[in-house]
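Worksheet: one structure, shown below.
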Amino acid sequence: MLVAAGGLFIGAAVPGAARAATISVVVALFYVSGLVLHTRLPHLRPAAVAFTGTGLALLPVAGLFFGFLTGQVALAWFATAVVGTVAYVLAAVRLHSRVVAFLTLPFFLSIALSSVSLLGGALVWYFTCSIGVAAILAGLLRLAPGWLPEVISWAVVDTHRLLAPSALVASVLLGPVLTEADRAQLWVVATLYYAALLAFYDAQRIQHFYAVRLVGTITVVLTAGAAGSSAGWISFLLAVCLALQITALLAVPGRARTFLDAARSAGRDNPDVVTRRTSLYAVDVVLTFVTLGLAAAASIFSSGWGILAGPGDGPDALLPVLLVLITGMAIAVRSGGALELLVLPGALLSTMTRWDNPWRAETVLALTAVYLVLRAGRSTGRYRERFMLAARGAVTVLAPIAVLVHLQPPLPPPWQVGEVAGLALLVAFAVNQLVEVRRWRRRSASVYSPWVICTASGASLVTAVALASGTETFAIVASGLWICVLAGCLTSLLLPLGEAGGRGLSPAAPHDIEGIEASGHVLSAAAPHDPTGDAAGGRVLSAAAPHDSTGDGAGKAHVRNIPGALTEAIGPVSLVVAALAGIGAGFGIRSYEVLLVVAIGYGALMARRAGDRLRRGAYLLAAQLSFTALVATVSADLDLSVHEVFAVTAVSIAVQELVRVLLRSRFRQAGLQGSSAWLSIGLLATVPLAYLAVSNPDARLDVIVLHLVLLGTVSAVLFLVQHKGATAYPALYAGAALIAVLSKDFGLAPAGLLPEAPLSVPVGALVAVACAVALAMVRVRASASRLRMPSRIGAGLFATEAVLFAFADGAGWDRVVVAAAVAGIGFTLAQREAFSGLDAGGAAAVIVAAPAFVDQVDRTTGGTLGSDAIRLLGGAVLAAAFLHLARVFLPGEDAAGHRYRILGGLALGWTAVAAVLAMPADDSAVAGSLLLAVVAVLGAWEVPARIRSVYCEVAFLVVVLSVQRVAWLLLDGIDFFWAAQWWVLALALLAAWSFTRGVPGRGLLWLPGSATILSATGLLTVAGGTTGAQVWSLCGHVVLLAAGVALSRRLFSLWGAVGIALALLWFLRGFTFLLLTVAALLLLAFAVWKLNRQGQGPPPGAQTGTGTPDDGPGPAPGAQAGTGASDDGTGPAPGAQAGTGAPDDGSGPAPGAQAGTGAPDDGSGPAPGEGSGSHPGPEVARDLSPQS
């Protein structure tokens, strides 16, 4: 409070000299009085610490004021920093508080900043000397701890743990402000500082170890930059430093692992065993290697050897690549396991070099392949297979690179070298795929064979797509695509089919078989594929996984199944990819015909091989799709027009489905017959859309009508012959769409058998509503269950279409007819289905029909009814009358009376909505307001009796709204504040009515609402409010206070009191600093009085073993020897002895101190040995903290 008051006092209307004297006296008084009280009166030490802290906190306020007063901002800043540093250091020494010592840091930094601002010196020298002093102090604390006060020394060292990295980061962010030499010398000193911490500081050695490595590495980089090295050489030096660190870690793995992981394994049963998963050593090696890779990449690009640049000033790109590759190989050989993957970054980094002659990448990949082959030769079991697969992968990538290096113009044209390299990569993938298939057929495959097949196939397909999109030579593209198709189809045809669950064979290599047989396992191996056997039962053979003698599975066999679904999908996927990629490759229509023929043959062969109904049906379905596409392609190849092609295609789909229906008994052995039917329906439904997209704007109406007729015919046949209930919905869609295209102009070409729509839109609306009425009658009279849902949905579909067509032009009697028919359908189906929700739909139709009727009458009579709002009100009243008559005279009322309530509620609800819509316009405001009030009153008879009282209260608010709207019109507007007061009074009246009726629950809802509006509008009067409004707000809060007192409600009493207090404080807002000062002084006086009263202690002998202020310094009976603990964690004061209560300032033992307890070394409170009533407790006796 005092600091806030001081800040406000700076801008007070007081002469400058008086303000300076006042602030100086207050700062000195609090600071000096705190130090004196701390020395002379031990029982007031909490107050002394608070006084001293207040004086220290007021120092920045004083410095700010003197800067404004004198105009010498830099000098005032420097003086404040120096005085503040001295004051904080003196307070830290006298109070023995490390907290105050740490708080010296802002002033300590402020000296640096202000001195630079005042003298114009180089800031880097200050931080260099500061970090160097911290490094020297770190050594002196271990070698000569008595040279400086410990509290200050430790504070300087500890604060530099934050200051040093901050200065280093600042030196980087300052950029051109510092020279490279200055920045380098700062980092050199920082390296020495962290080395001193690592050497002389026992705690946090791991953090200091990493700090020395990080700062030292950056120091080397900065030193190289200061020496004039290029960016490429600097990055290479960084990579070399990181490689040397990794080499050092790998050279002494035992000592490094023990140093890094000792703390992590301290809580284990065997501290010497550290798992690799939690090993900090492994994490260190991996992260350092990652940084090495990034540095090498930076060296490549900054030297100009990157992909997009030419030679530059720096090392050759091969040097950093080989550095990363050799380091990764060393880590892999030394550690093994998952770290074997660290060989990959070196190989991947080689691809970042220049590609005009990629001999560097070829060299690195060749070395990688040789390394993997050597590792495979020294490995056994599964690891041998892994290394061999990795070597094959390296050779696969090496193939196109070798083509780029050794196949040079003029043998091929320059633009074909890359295309031939891409084809070589595709061939390499396909060869790997077929080699694994051959190994499978010879029963010499491994557990990785299926994944190799799938991966090679996917990679070859991706390569083929890339060739198709970026290659100009058609022969190369076609060769790549047909190679993919051939390899994919052969793979799926030669490999055994998977199980129904999607699994297939699991092979075993010969050495695996021997290991499994030696363990006593039974092996079931796959013989070469037998088409007869596959067709008969779709057998699935299984074998054990490779025998692993390295520990992963020694003496055991794990049975794993091949992912049959993936290998079986290779053939279809290759066909699809070839079809899509052929678009970009320039495939002609004849090529697609051949591709479709291949697809049909492939589907037929796979259907013959399939052993289960589901798979056989899927392949037949694929063959059917391919045949449909072939028909369309052949039709286009015969030079038919687009209209004829789509017509022939649609007829082909319909004929196929009708033939399948006629021969359905012969297709019982094939599954997915229902899917085939739905596929035909889906194709017939999408053919018109595709036709419109392709032939636009020349689409003809007769072709679309043919498509819809075929769709309706096929759906009707399936519904009537096969009794598929769901197929009725496409027929309904076709009928609705047929009505739409025959009655509305969609901008089709005026050609063909139907150049224009034969029906008009109103006629189409009447036809659609007639269909809806017919389907409603079918639902009412038919009892078959399969007709129930189609008739419902059909009636709704055609009714919706009729409404859309009838109301499209916004005029005509067809709107009234359609709306009335829809209302009749709703009421009829509601009675038939015994579902009251349809009554709501019928009521909505009546609500739409009534305004349409009024509008049509107004058009007929020449607009005699007035404005749109008046017509809307007339239609609402007419609809309400019809609905009230309907709920009285319609038959079939349910026992619960739902129809009665729904129709009445919708009638009044729509009338209320119409009234609200009519209220904004002045010409209809009175009528709308009166109608809204009438609806609110009539609604009381519609709501249930249990909520009628609540409704009456809400209706009262609606009536108030109506009256306010009329008053607004008569008074030509109402001010916002006074308009809000209407609702304050209305809610207050409702609250009073609730309390008088004995319903305080709702009163407690209305009264807070009224008070909230009153307070919110009262706050608005602060800025620009009139005196009358402010007085009204004050009186309102007085009434609120009175209501709270009368109702014994503390919330409203406090609410009113706070409102009154804020209103009064607003008038006294010019004396805020004085109020804060008085409040702070009162609190300080109360705290001192409380401490002084507690320091008097209880009467002598009140408790056993406790001392009083009048007792001698001897120990109390029963006291135990011990040591005093400082609550700030600094330990006992220097010179304190067990059994004494003397503080370290030599002021003698505290009154009543017990033997065995020592005073806190910061003197923040009496000794713990005092009686329970003679000390303020640990929550008060604390060191200076931000809260204090």
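A Cβ is built for glycine as well, from the same backbone N, Cα and C atoms used for every other residue.
All annotation found in TrEMBL is predicted automatically rather than curated by experts.
What you are looking at is a predicted structure, and each value in this text was computed from that prediction instead of being measured.
Per TrEMBL, transmembrane segment is recorded for 49-69 (among others).
Per TrEMBL, transmembrane segment is recorded for 75-93 (among others).
Marked as transmembrane segment by TrEMBL: 474-495 (among others).
According to TrEMBL, the feature transmembrane segment maps to 565-583 (among others).
Taken from TrEMBL, the feature transmembrane segment applies to 589-607 (among others).
Marked as transmembrane segment by TrEMBL: 675-694 (among others).
Remote same-chain residues near the transmembrane segment (700-720) are listed as 643, 646-647, 650-651, 653-654, 657-658, 661, 677, 680-681, 684-685, 687-688, 691-692, 727-731, 733-735, 737-738, 741-742, 748-749, 751-757 (criterion: CB distance under 8 Å, separation of at least six residues from the stretch ends). The transmembrane segment feature in TrEMBL is assigned to 700-720 (among others).
Annotation comment: TrEMBL describes 732-753 (among others) as transmembrane segment.
Look at TrEMBL and you will find 869-890 (among others) tagged as transmembrane segment.
When Cβ-Cβ distances below 8 Å are used as the criterion, the transmembrane segment (902-919) is approached by residues 836, 839-840, 843-844, 847, 869-870, 872-873, 875-877, 879-880, 883-884, 886-887, 925, 927-929, 931-932, 935-936, 938-939, 942, 962, 965 of the same chain, each at least six residues removed from its ends. Per TrEMBL, transmembrane segment is recorded for 902-919 (among others).
Among residues of the same chain six or more beyond the transmembrane segment (976-996), those with a C-beta under 8 A of the stretch's C-beta atoms are 953, 956-957, 960, 964, 968, 1002-1004, 1006-1007, 1009-1010, 1013-1014, 1016-1017, 1020-1021, 1025, 1029, 1032, 1036, 1047. According to TrEMBL, the transmembrane segment annotation covers 976-996 (among others).
The transmembrane segment annotation in TrEMBL covers 1003-1023 (among others). Note on the transmembrane segment (1003-1023): residues 953, 977, 980-981, 983-988, 990-992, 994-995, 1029-1030, 1033-1034, 1036-1037, 1040, 1043, 1049, 1052, 1055, 1059, 1063, 1066 of its chain, located 6 or more positions outside it, place their CB under 8 angstroms from a CB of the stretch.
Positions annotated as region 'Disordered' by TrEMBL: 1096-1188.
The compositional bias 'Low complexity' feature in TrEMBL is assigned to 1102-1165.
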Within-chain partners of the transmembrane segment (869-890) [C-beta distance under 8 Å, separation at least 6 from its ends]: 827, 843, 846-847, 849-855, 858, 899-900, 903-904, 906-908, 910-911, 913-915, 917-918, 921, 923-924, 927-928, 931
Long-range neighbours of the transmembrane segment (565-583), counting only residues six or more past its ends (CB under 8 A): 450, 453-454, 457, 461, 464-465, 468-469, 481-482, 484-485, 487-489, 491-493, 495, 497-498, 502-504, 591-592, 595, 598-599, 602, 606, 622
